[in-house]
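Have a look at the structure below before the remarks.
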Amino acid sequence: MATLAGSRVPLAEAAVLRTLLLGWVLLQVAGAAGTRDVVAAYNLTWKSTNFKTILEWEPKPINHVYTVEISPRLGNWKSKCFYTTDTECDLTDEVVKDVTGTYMARVSSYLANATSSAGDPPFTNAPEFTPFLETNLSQPTIQSFEQVGTKLNVTVQDARTLVRVNGTYLSLRDVFGKNLSYMLYYWKASSTGKKTAKTNTSEFLIDVDKGEDYCFNVQAVIPSRKTNQKSPESPIECTSQHKAVSRETLVVIGVVVIVVIISIIILAVSLYKCRKVRSGRLGKEHAPLRTV
């Protein structure tokens, strides 16, 4: 009997172990069934111009949704774009708080109809992003230009950003200061040979040949950067000395015409008054004498 009792103990332990193993397998199967349709995001990419910053990723969800989280380096994670079916998230409001800082982001995937998540959802980390070093520069705008004699003056309009200080949006010049330069590419309208000029302000004043028309465009540059140094070039503008002369001539002709017209009117009025006076005198001379 002792032998039989002793053999039952190992058998009972084996049954418990089999039960625990079966339970663990069932849990794994259930977990796999609950997450088999969740697709982790991939190809996470930052898109940023003048600090307007959007995180994009793939794929377009079919039966799941995404939530984005962002954090400064060594900071706390903040959730954005909760349970979205979009594949992009605007993170501008977060990165403009400190454009010189470095940010981390991640995209988590959830089942679309899930009310709660069993365990941590699959997520994908984005590359680190430093706005001051990586945001793209927009195409510059030429505010005004004028060619007078041998001087060509070109003024560039500093683009506005979404960076705010005391409720005021800053320009690129406000943010980058002397780190921001402009390149001017200019050439005679009758030639293809280009010349360049550089300024750390927003204005160019260069020497040109008198009487020659010039074409030009500008480009924003941050030389201190290793990448994303240059913006797209602005549309080409051209001066026209002949048109300027024609306009001046038209103004002179217009003034002369006005003076002539005024003189004719004054002369006509004077002649009319003179004739009226003469008619009055002649009328009195030929009038019959009154008899008393």
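Using the three backbone atoms N, Cα and C, a Cβ is placed for every residue, glycine included.
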Quick one: TrEMBL says Cys215 makes a disulfide with which of Cys238, Cys274?
Cys238
Any same-chain residues 6+ apart from Cys81 (disulfide bond) with CB under 8 Å of its CB? Would you list them in sequence order, or say none?
Tyr66, Thr67, Val68, Cys89, Asp90
Just going by other Cβ atoms within 10 Å, which of the recorded positions Cys215, Cys274 has the emptiest spot?
Cys274
Please identify which of Cys89, Cys238 has the densest Cβ environment, defined as other Cβ atoms within 10 Å, among these disulfide-bonded residues.
Cys89
In angstrom units, rounded to an integer, how far apart are the Cα atoms of Cys215 (disulfide bond) and Cys274 (S-palmitoyl cysteine)?
60
Roughly how many angstrom lie between the C-alpha atoms of Cys238 (disulfide bond) and Cys274 (S-palmitoyl cysteine)?
57
